[in-house]
């Protein structure tokens, strides 16, 4: 029996989760939500995390009904992500690992998402679409690495959505993407927006600057509503994602798609991906908001896999890093 | 680059700041060191920070070319130190409390 606690705080969510052999024992989380029109900055986010992290840690232990002595390993997000929030979380992880005399494990955030998706959905060997506010990658496993087959060449799809939400000043509660999704359901007009796929990769900076500039003009001139723009933006960016996912599937001869990351909660994206999968006789896997949005249990799960295959992170190697490629990690727990 | 810095701006010309933090035991000081030393300074230029432990005291020494860079580093270190201390107080194993 192996029990791992995982600490996550690379963006505006701070979560701590405990996993025992594939069972999620607890997974409390807090989100730093900014006023409409504002994004979250590193120092403010770190301050938010610092204020709540010890409370969340207590909750994680209490809800799991465990004492520190029961934990076998302490996992935390080494990167990628925002610097000061990552440091805040790493400090607590390192401190408790030393206090409780447990081994420490620095986990790649993207791999946390992948391993949680695999655990929850039991997908065998899927093409993974990882989409969030900070990342957009199409990943497939091959020979001990999660290989990046396609990705954004500039900003993440979630970043594009979040920035548009700021332009039209909609609420960031529970998340800007969720509110765009709700508004999109009320859209009735499709507005043509720039569509940018480059081979296996995508680009969102063009559509972002276009819509940031044009939104107010189009809405105030009565050409279309904010709901129409939400709808059109989703249709466009999600089509781009479906295209590059399909391309990777064709390369790998894959019959499964797994969507992970906060944007993966979006039901319209799941629906569009489902249509493509059906056409290819492939299966679609997705998780709900407990696990697609950043959480501690996903870090615990990746940590569990790494720990059981013999990996450990020494304190002096436990520095956090804002840039950490998914394919830098040796996937020692798979053949 | 360090060599050039010293020629252009010898150590004696830099701002020096020292912080001594006493702990209840050598083990506590070592734990704090273990938590606070791994991360690198965000802005590589213009600041140097060294952490050491002697018996049950954690000593931090900064050397910086500009006051504002020094202030930012010391400020963020003190925030981090507070978090580590609070964690140690709240989650120390029952025997040592």
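Cβ atoms are placed via backbone N, Cα and C, with glycine included.
Among the candidates A:266, A:281, the one that TrEMBL lists alongside A:130, A:131, A:132, A:133, A:134, A:162, A:177, A:181 as binding substrate is A:266.
From the candidate list A:288, A:294, A:317, the residue TrEMBL records in the divalent metal cation site shared with A:109, A:113, A:130 is A:294. Report note: the divalent metal cation site is defined by A:109, A:113, A:130, A:294, and the residues of the same chain whose CB lies within 8 Å of the CB centroid of those residues, excluding them, are A:110, A:112, A:114, A:132, A:135, A:260, A:261, A:298. Every protein chain shown contributes to the tally, and the Cβ of residue A:177 (substrate binding site) ends up with 25 other Cβ atoms within 10 Å. Long-range Cβ neighbours of residue A:113 (divalent metal cation binding site) (same chain, at least 6 residues apart, Cβ-Cβ under 8 Å): A:130, A:132, A:260, A:261, A:292, A:298.
Secondary structure from DSSP puts residue A:132 (substrate binding site) in coil. If you measure from the Cα atom of residue A:266 (substrate binding site) to that of residue A:294 (divalent metal cation binding site), you get 14 Å. Cα of residue A:134 (substrate binding site) to Cα of residue A:109 (divalent metal cation binding site): a span of 11 Å.
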